[in-house]
Ligand code: KIV
């Protein structure tokens, strides 16, 4: 199945132009109903490779494949009318060289209708970002805690403390100079996020960064209280759907065992009820 960009959605250039004008709102989504729920409220929706951990029970994002991203990207696209769709490039789909990145980015955009791709990495990905943007692929960069590199980072630790702050500032500048239209800053000190936001010309999208970033993104299942395996400090739960869902399932199980469900209103009579005249 292929998809084309929706006419009314903002473009990456519109998101870039929001820097300094209005905070940019974003969440992840992996399914059509979730996408529908957030469409009216988000400027862009990210099909994150966090899908591997959130929906597929993986221990990291490293096992996420192109096929998974296409399938979830298509599902999310069906639920969006007005928000822009951004899709993550999964681990191993872009790091080899710019040509591999171009092949896979164009595949993701063609199959899902995403307006842009997101990839992890700073200065070392600048050549690839330049190559993609020169060929019509809008790129959102992602620096700080880059979950695909969890093996080499030694866990999901805060990045950019102390001397490492300078490297992160350089990474931010490098991806902006290479043509990225925005950059995600994940799990870095708030003061550093504020400094990077004031230093670079493209919007910063914070997750575990600072309220001073140009925008924010969260994993939707985290903020709805659906993903409860662990809760990072930077997540605020705006609902407790996981706990509510489990209580509902327990109530259903109890009613089935007590033969209280289904009740009369949930079953069918022998005869169809007569229709009212004119109905
Ligand atoms: O995969 C993901 O969900 C992300 C985030 C920025 C939330 O990359």
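Glycine too: its Cβ is placed from the backbone N, Cα and C atoms.
Binding of 3-methyl-2-oxobutanoate is attributed by TrEMBL to 49, 50, 118, and within the candidate set 39, 88, 97 the record adds 88 to that site. For ligand 1, the neighbouring binding-site residues among 49, 50, 120 are 49, 50, by Cβ distance under 6 Å. For the recorded site, residue 186 (active site, proton acceptor), the DSSP three-state label reads strand.
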